[in-house]
């Protein structure tokens, strides 16, 4: 179904009895990837938090723990992204690579929900690299990902581990941590990053980049706009790329009249 092998489909849905039945058949490869997403049964099971299925697959001794799918995500990263601590623990027992690179949006530490703090803590215990480089032109560091989701407790924990506040945004559509928090209207995270000397006027990245002020204005986040202006955000910073907007253009395009007024009062042209 949808290009998935029977084993991938049952593993992804957590049907451990069916998985056990399939694994008992001759000719079944427990490590065969699907044709649609180039992912293996272990990755599907890990993403869903299906611990029993993960154990069955690992028990075969024929699965590659650190195999990457079409977007480069390993089983550990899939489990960590979902906040599935029991699966994370099981994969770590199998010596899964805690610092594997994830070329698009998140590394295995890059959780986007406060509920995932336990997973972050566990991976930090395994010496996961807080400032691990993320490949690809839309990547996020751990701190950028947490800021993007507005998850203050994760942001705080990563800062304790010396996460780089002003890590450069990825080339195409990346955001610095402050830009990411501003885009989502996450005032508490914005405040915390400013305390850590987050760069208010960091350059927007690539064709889809935004300065922090442009990002906040585009979303109509008035309180964040006001806070950034207090920190001397450049109100007339140039738009970047074909899809870029100045802060005033972004606010006007979104119909955010209160933000438009605020920006005009601050000298936007």
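Each Cβ is built from the backbone N, Cα and C atoms, and glycine gets one as well.
What TrEMBL lists as repeat 'ANK' is 71-103 (among others). Averaged over the repeat 'ANK' (71-103), the predicted model has a pLDDT of 81.
The repeat 'ANK' feature in TrEMBL is assigned to 138-170 (among others).
Annotation comment: TrEMBL describes 173-205 (among others) as repeat 'ANK'. Using a Cβ-Cβ cut-off under 8 Å and counting only residues 6 or more beyond its ends in the same chain, the repeat 'ANK' (173-205) has close neighbours at 137-141, 143-152, 155-156, 159, 165-167, 211-216, 218-221, 223-224, 227-228, 231-234, 237, 240, 244.
Per TrEMBL, the feature repeat 'ANK' maps to 208-240 (among others). Among residues of the same chain six or more beyond the repeat 'ANK' (208-240), those with a C-beta under 8 A of the stretch's C-beta atoms are 169, 172-176, 178-187, 190-191, 194, 200-202, 246-251, 253-256, 258-259, 262-263, 266-269.
Packing against the repeat 'ANK' (243-269) from elsewhere in the chain are residues 204, 207-211, 213-214, 216-222, 225-226, 229, 235-237: each is 6 or more residues past its ends and has a CB under 8 Å from a CB in it. Annotated repeat 'ANK' per TrEMBL: 243-269 (among others), in sequence order.
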